[in-house]
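As recorded in TrEMBL, the features of this protein are as follows:
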- 19-54: domain 'EF-hand' (DOMAIN)
- D32, D34, S36, F38, E43, D71, D73, D75, K77: Ca(2+) binding site (BINDING)
- 58-81: domain 'EF-hand' (DOMAIN)
Amino acid sequence: AAESFNYKKFFEMVGLKKKSPEDVKKVFHILDKDKSGFIEEEELKFVLKGFTPEGRDLSDNETKALLAAGDKDGDGKIGAD
């Protein structure tokens, strides 16, 4: 349902915290559709569809919250590190 996405639960469900740095980089490169070296807001919006074809697009609010969780330097995108 719209506005039901919880990035903390999502990270737990996909087990990102338990993944090796190499596995996390593999996921990063899958999400970095334009191969810019960063995951931008527009790429995050479709993150759930990368895990299942039935996945929905994130709302703007959900996308912004997920971006903020991963954007450690405040530049508006998520870097590989």
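Just so it is clear, glycine is given a Cβ too, placed from its N, Cα and C backbone atoms.
Unlike curated records, TrEMBL annotations are generated automatically.
Here the structure is a predicted model, which means the values were calculated and not measured.
Beyond its flanks by at least six residues, the domain 'EF-hand' (19-54) meets 5, 60, 63-64, 66-67, 70, 76-80 of its own chain at Cβ-Cβ distances under 8 Å. The Cβ of E43 (Ca(2+) binding site) lies under 8 Å from the Cβ of L31, D32, K33, D34, each of these being in the same chain and 6 or more residues away along the sequence. By a simple count of nearby Cβ atoms, those within 10 Å, the most crowded of the binding-site residues D32, D73 is D32. Shown are the binding-site residues S36, K77; of these, the residue with the fewest other Cβ atoms within 10 Å is S36. For the domain 'EF-hand' (58-81), the DSSP counts in helix, strand and coil order read 11 helix, 3 strand, 10 coil. Assigned with DSSP, the residues of the domain 'EF-hand' (19-54) fall into helix, strand and coil as follows: 19 helix, 3 strand, 14 coil.
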